Amino acid sequence: MQWLKSFQICKVLQGFSLSPTQLHRRLFSRVGAPRWNDHDSPEEFNFASDVLDYWAQMEEEGKRGPSPAFWWVNGQGDEIKWSFRKLRDLTCRTANVFEQICGLQQGDHLALILPRVPEWWLVTVGCMRTGIIFMPGTTQLKAKDILYRIQISRAKAIVTTASLVPEVESVASECPDLKTKLVVSDHSHEGWLDFCSLIKSASPDHTCIKSKMKDPMAIFFTSGTTGYPKMAKHNQGLAFRSYIPSCRKLLKLKTSDILWCMSDPGWILATVGCLIEPWTSGCTVFIHHLPQFDPKVIVEVLFKYPITQCLAAPGVYRMVLQQKTSNLRFPTLEHCTTGGESLLPEEYEQWKQRTGLSIHEVYGQSETGISSATLREMKIKRGSIGKAILPFDLQIIDEKGNILPPNTEGYIGIRIKPTRPLGLFMEYENSPESTSEVECGDFYNSGDRATIDEEGYIWFLGRGDDVINASGYRIGPVEVENALAEHPAVAESAVVSSPDKDRGEVVKAFIVLNPEFLSHDQEQLIKELQHHVKSVTAPYKYPRKVEFVSELPKTVTGKIKRKELRNKEFGQL
């Protein structure tokens, strides 16, 4: 590994003086490692050369098994298997395309909007090799979303799929910085470069840049639940963090593992869970190109392929449980992880009963990556997002950054002083005011409300501005939404605060009904739902107001925009 070779003696673990070889071995095997931060990390690091190329070398030396590094399938019978050596070749070609054909250089911004196709991985690592800052986005983006992202970031290039070419073309004239447009497509498009053709003719010889640990690597747009999406800029520490032995306990991946992470490529979880985490461990990334999630296909895939770990949104597990198949004992699956929201307690139990496996919950943001989790060896507390993952010192704080005692509601904070931890975003690009707003004393204030118990388990309540103060009671919307989700009439719901002349605020639920309940008497159904909530949770949490809607406002990443609903209630729209 390049940066290791430049150090004859590295003193990075307290009490140890390590040669490069010893350090590498300790990085990949030590379990009880102390905290790492910017002071004891290497000065230079690049995921492409120090991780992917390392495993390519291990393959050449016969020190890694025959399993592919990348295994991609779709529903039409197509299959791709790439070794780390093949990935090295293809990503070097990609880097040459960016530098020699597109004229891009270190520090330039590239918008990456692709579905789950192999080229997404090539572009991402190609950007790492060149120092180009990649900015992933979901293919659900519309023209106005793309315009906003390109303009605010001053992106010089975009790589996207054929279906989004018209969307980009409709706004390209308003993006003076956008010089290069590359498309992943089977057909040519006027004014666009054919990405696949270019990498076929490009040279596989490329010298990776020597990036500093603090050099920018990626920008992830926030979900926009509280306004326009902000640009959370991350440096190389986001990738290096996966080296930290304590961080490697998250999934405990081995080179023999096959990980299926179902995250949308536009989210930070895809960069971490579909690329950084598995390839740091030298294991296989498995991808099924699902344009839309089909629970039947998911079940079939888990039976057909030797997948050992699964990382998916709660809705995926919920949909699988709804399948009528009697057998969900997947032959090779060993570990399941979820995040984004909580499953109901009975859903956790059903999954355990039907698969024999527990579901471990993780929590994170665009700014943090995964910051807390229920690790494999930890006791599972249903509804908890687990404990903080090193190097994050996660505490519950008040508005001034004071640490609150256990079981006291506050904000999830991550300590940033005296040292900003690896993996935490650098800043909100082009928005120093927004960056300052989330710095709270010695902590980064996530804006998410939670409590922490005596054992260090964190209990998520919701966004800070989502918490409802009704008649002196503070109510987290997630609690009420989970209660409503247990009723068969409710397809999905969003709970917000609504003004009330007598109580100041009351709980209001916006509910999308399942089709079979659309013809029911609405007044009677409201009473039934209110009674149901009272029966399954504290009665003061029940929604005094209920409105049935056909759909809920959501961000492009699928998060409910409660702020929009709340503003409507208080007449701010």
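Each Cβ is built from the backbone N, Cα and C atoms, and glycine gets one as well.
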Candidate annotated in Swiss-Prot as N6-succinyllysine, out of Lys352, Lys400, Lys554, Lys568: Lys352
N6-acetyllysine according to Swiss-Prot, picked from Lys156, Lys254, Lys387, Lys541: Lys387
Which listed residue (Lys81, Lys179, Lys324, Lys387, Lys527) has most other Cβ within 10 Å, given these are modified residues: Lys387
Under 8 Å by Cβ from Lys200 (N6-succinyllysine), same chain, sequence gap 6 or more: Arg93
C-beta crowding around Tyr228 (ATP binding site), within 10 angstroms: 10
Which of Lys230, Lys501, Lys545, the listed recorded positions, has fewest other Cβ atoms within 10 Å: Lys501
Cβ-Cβ distance under 8 Å to Lys352 (N6-succinyllysine), same chain, at least six residues away: Ser358, Ile359
